[in-house]
Amino acid sequence: MEPSPATGGSETTRLVSPRDRGGASGGLRLKSLFTEPSEPFPEEPKPEPMASHHCHQDPLLQPGLSPERLQARRQLYAASAVCFVFMAGEVVGGYLAHSLAIMTDAAHLLADVGSMMGSLFSLWLSTRPATRTMTFGWHRSETLGALASVVSLWMVTGILLYLAFIRLLHSDYHIEGGAMLLTASIAVCANMLMAFVLHQAGPPHSHGSRGAEYAPLEEGHGNPLPLGNTSVRAAFVHVLGDLLQSLGVLAASILIYFKPQYKAADPISTFLFSICALGSTAPTLRDVLRILMEGSPRNVGFEPVRDTLLSVPGVRATHELHLWALTLTYHVASAHLAIDSTADPEAVLAEASSRLYSRFGFSSCTLQVEQYRPEMAQCPRCQEPPQA
């Protein structure tokens with residue numbers, strides 16, 4: 001064998017056919033692996049990038065409040081200032097008029113101030129980023145504020161009910177009809193002013209589990225919601241209830257002003273309006289307990305979420321499905337998806353996450369994909385929880 005000179009200076013060679021032999025030599029010649037410039041070496045195909053699925057549906061939220069939430073904060077600031085001023089006025093007027101009904105209305109305004117200040121405090125806390133200790137952030141701050149507001153309202157109302165009972169029992173009190181009438185009239189005007197400040201010009205939005213009784217201002221990441229409007233609208237509904245109570249106190253004050261012998265209308269009104277005030281806290285208390293007990297979101301059922309996950313192509317079974325409301329508007333879901341061996345885990349994860357975000361408005365979804373095994377059907381941990 002006779003080596004041929006390497007064109008590129010390489011010692012790597014290969015055998016060629018007899019037709020490629022040169023000269024009179026009958027031996028096989030070796031030819032360089034590197035071809036001549038006239039014969040370009042074919043390029044290797046570049047690997048295509050693998051499609052990937054990322055867990056976040058929206059771009060990273062910018063720090064600070066959105067324009068809508070800034071508008072909500074301005075409205076709540078104005079309503080809180082009006083409410084606090086007239087609450088103090090009712091306390092003074094109720095004391096001068098010796099009217100427990102006026103004091104009851106002032107106690108209800110105190111609950112309104114606490115609720116709106118809790119919303120404002122939550123707005124401030126919601127701008128703080130999550131930490132390694134508070135991994136979900138500070139969204140539940142308003143839930144704790146709402147609980148404190150309910151407890152304070154119950155304490156004040158209990159004291160007023162006790163005083164009203166003593167008045168009815170002994171009847172040794174005097175009502176200043178003029179002062180009561182003036183204070184009740186101012187209270188009605190105050191509630192009308194707060195209703196005007198909190199009035200929403202736009203049409204109301206419906207978002208499934210978002211209630212009107214108590215709606216925090218947090219934002220979810222999966223399905224952006226006009227939560228500032230929801231909270232202000234909830235405060236507006238509450239103020240309308242206060243306005244009806246103030247009109248009732250005004251009616252009692254008119255009766256006492258013209259008929260002083262019917263002064264019992266004051267403690268009787270205190271009983272009636274105290275029951276209304278305590279009843280108005282029932283939806284808030286129910287929502288607070290549901291959130292603190294890690295309950296599932298309202299109007300988001302276990303079965304619809306499970307069926308949605310099972311409808312994803314490739315999913316054979318689901319287990320460890322958990323739904324809970326971090327707040328009334330921030331809903332979280334987690335689940336294990338058992339898939340066929342032929343299914344693409346990335347495609348299943350992307351499709352399942354997309355359906356949960358779009359159909360139920362979850363703010364955060366954590367899904368684990370694993371291969372389906374027959375023994376899962378008998379595994380105690382893989383069984384669905386019983387009905388409540």
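For all residues, glycine too, the Cβ spot is worked out from N, Cα and C.
For reference, TrEMBL has these:
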REGION    1-64  region 'Disordered'
TRANSMEM  76-97  transmembrane segment
DOMAIN    77-293  domain 'Cation efflux protein transmembrane'
TRANSMEM  146-166  transmembrane segment
TRANSMEM  178-198  transmembrane segment
TRANSMEM  235-258  transmembrane segment
DOMAIN    299-372  domain 'Cation efflux protein cytoplasmic'
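As a whole-number mean, the pLDDT of the domain 'Cation efflux protein cytoplasmic' (299-372) in this prediction is 92.
For the transmembrane segment (178-198), the partner stretch with the highest count of Cβ pairs under 8 angstroms, out of 76-97, 146-166, 235-258, is 235-258. Residue counts for the domain 'Cation efflux protein cytoplasmic' (299-372) under DSSP (helix as H, G, I; strand as E, B; rest coil) come to 25 helix, 28 strand, 21 coil. Sequence-distant contacts of the transmembrane segment (146-166) (same chain, at least 6 residues past either end, Cβ-Cβ under 8 Å): 100, 103-104, 107-108, 110-111, 114-115, 118, 214, 267-268, 270-271, 274, 277-278, 281, 284-285, 287-288, 292.
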